[in-house]
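Participant: From TrEMBL, for reference:
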type: BINDING; residues: 25-29, 172-176, 202-207; note: ATP binding site
type: DOMAIN; residues: 22-249; note: domain 'Phosphagen kinase C-terminal'
Amino acid sequence: MLPNPILTDIISSKYSLKTETVRPISTISLSRNLSVSKFVPCLSKENKRDVLETIAKQFSTIEGEEFFVLPLKDLPVWQRECLLEHYLCSFDLGGSLEGEALIVNRTGTLLIGINLQDHLVLHGIDFVWQPEILLQKLITLDTYLQSSLSFAFSSDFGFLTTDPLHCGTALIARAFIHVPALRYKNTLAELLVPHQREFAVSSLLPLSQESLGDILCLSNICSLGLSEEQILSSLRIVVSKILSAETAARNQLLKENSTEIKNRILRSIGMLTHSCSLDLQEALDATSWIQLGMSMQWIEDSEKQPFWNPLFWELRRGHLALYNQDSADKTVEKEMIAQIRARTTKPQAERLIIRV
């Protein structure tokens with residue numbers, strides 16, 4: 001278990017990054033497997049423990065960075081969820097947990113998965129849309145690990161991974177973009193058609209088909225035959241195209257001065273102000289509408305505080321458990337979390353000033 005003060009420091013790191021606009025968030029993952037071991041699905045529990053020990057000890061000697069090794073079998077469910085939420089990570093933690101672990105750094109930018117889908121996944125998050133800087137940080141860590149560990153590598157297929165599509169550089173880059181105007185105008189699908197062979201489209205939650213909070217997630221489908229720079233360059237081009245289209249769509253909505261849009265925004269404020277229970281879908285959707293209204297200067301915060309960040313994060317189960325429950329009695333039970341979520345949004349919504 002990670003001590004609460006350390007976890008709070010890690011989770012809170014993103015709140016210091018206050019910007020005037022909602023920027024895309026990027027994550028990058030590099031998958032690696034030890035050359036001396038079978039892939040994870042073929043490992044016994046004893047073999048998984050050996051792999052965990054071999055990899056984990058490398059993180060105790062890295063200069064200039066403090067890492068915490070967290071065996072999953074000892075990590076409470078709410079802490080697992082909190083970390084996955086913070087890092088916008090899609091690790092599947094529903095297995096046996098034996099011989100599996102997460103490793104986090106103190107600054108809250110790196111999350112390492114051991115014996116999940118591959119022996120090692122180096123995952124990082126960037127909150128201000130500077131994926132190239134994040135990539136360099138991951139490559140530096142990867143290079144350090146390769147000085148002590150031998151990774152499975154083929155001259156034909158690059159780094160070998162459990163999923164053949166992810167061989168090569170074994171890099172998965174994701175961009176999370178807030179696109180409420182494009183969703184409302186129903187023009188997003190057409191915009192993405194030219195890129196459907198390069199990038200997969202998903203929602204905030206990988207296993208959900210619902211569009212939570214109008215967040216679009218783009219990720220490269222394949223890394224075989226592509227360099228890291230090519231993948232990031234292609235992603236940046238598509239994201240720039242989407243951001244330009246979103247800006248144009250918002251300007252059009254502002255010009256139209258639609259009563260329907262205003263009604264949705266004002267009803268969202270009412271929902272967050274007066275509800276006693278909120279599920280994640282309705283809370284994030286309402287937050288998205290309000291943020292759209294703020295970007296169009298129809299709404300402002302009386303205390304000049306950011307709205308989307310932190311609410312985008314704090315509405316999720318792990319974050320709600322961290323910030324709103326006693327340390328000895330934390331739970332992610334659905335009904336309790338829904339009530340806490342409603343109590344969390346109420347004071348933030350009450351601060352809003354309506355300008356329409």
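Keep in mind that glycine also has a Cβ here, set from the backbone N, Cα and C atoms.
I would like each feature placed in context: is it buried or exposed, what are its neighbours, and how far apart are things?
Facilitator: Proximity of S29 (ATP binding site) to non-local residues of its own chain (separation of 6 or more, Cβ distance below 8 Å) is seen for C89, V121, L122, H123, G124, L171, I172, given in sequence order.
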Participant: Can you tell me the mean pLDDT for the domain 'Phosphagen kinase C-terminal' (22-249)?
Facilitator: 92
Participant: Give me the non-local Cβ neighbours of S202 (ATP binding site): same chain, 6+ apart in sequence, Cβ-Cβ under 8 Å, ordered along the sequence.
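Facilitator: Within the chain, S202 (ATP binding site) has Cβ neighbours under 8 Å at C217, S219.
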Participant: If you count CB neighbours within 10 Å, which one among the binding-site residues A175, L204 has the smallest count?
Facilitator: L204
